[in-house]
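The transmembrane segment annotation in TrEMBL covers 20-41, 61-79. The domain 'Cytochrome oxidase subunit II copper A binding' annotation in TrEMBL covers 91-215. TrEMBL lists 224-246 with the feature region 'Disordered'.
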Amino acid sequence: MPEIVTVQGEHILQLWQGAWIAALVTGVITWALIIGVPIWFRRRSDDEVPVQTRYNLPIEIFYTIFPVIMVIAFFSHTVRVQNVALEMVDDPDVVVEVVGQKWSWTFNYPDTEAAGGKNVFVSGTGEDIPQLVIPVDKTIEFDLYSPDVIHNFGIPAFAMRMDVVPGNDNAYQVTPTETGVFDGKCYELCGAYHSRMLFTVKVVTEAEYEAYLEKLAADPDHVSDEPVKGGVYSENLINHDEEGHE
Ligand SMILES: [Cu+2]
């Protein structure tokens, strides 16, 4: 497992580790019974048939009740962690509109306005992998939007990912606890260049974040009239096409 660097991801990691420990304990007991029984109760001589047991009520009650208890334990912990991981506060510190498009990512920063109230964004391609910059120790909301097919926005070091579904805008929030650069990618097989849908997330201090956005807002390549919903690459294609017709 990568080192987990979000508040929410810590809970997910603990659930994963706890589930593995419980499953391994169950596995060791089960394997011991499977392998042990034919050794302990084997037929030792032709004269002596081993004890034949049927209808052992205590054992039957045990192996009915105990798995039910295990399922309840797994289920309740899963629900508890899922509630933590999917909890949404009403006033996140930063909102990023994440667009998963064939075949890269676009990050709009709706909290920030460039001169004239314009939108600030970063968009990538398969060759030019985009970077998302967010501040540390803040609650970050990712609003997920797809103009084409289902993608999945995931960052292993955050222990979080979620489908980006056209027509059904998902969202999740994370609170990064450490600065650094982390890899992310599309986790839903979405087409020919799915494997190129990579991105990086750079978690920085709040001052660095403010400075970064200021720089973006001053760069014409990262400013648009409306939020960019389909990537710069496809927009350029459309523009070229329109110019060709004029
Ligand atoms: Cu994708």
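Start at 1 and count along the chain as shown; that gives each residue its number.
Cβ from N, Cα, C; glycine included.
Remote same-chain partners of the transmembrane segment (20-41), defined as residues 6 or more beyond its termini with a Cβ less than 8 Å from a stretch Cβ, comprise 50-51, 70, 73-74. Residues of the domain 'Cytochrome oxidase subunit II copper A binding' (91-215) grouped by DSSP class, helix first, strand second and coil last, total 19 helix, 62 strand, 44 coil.
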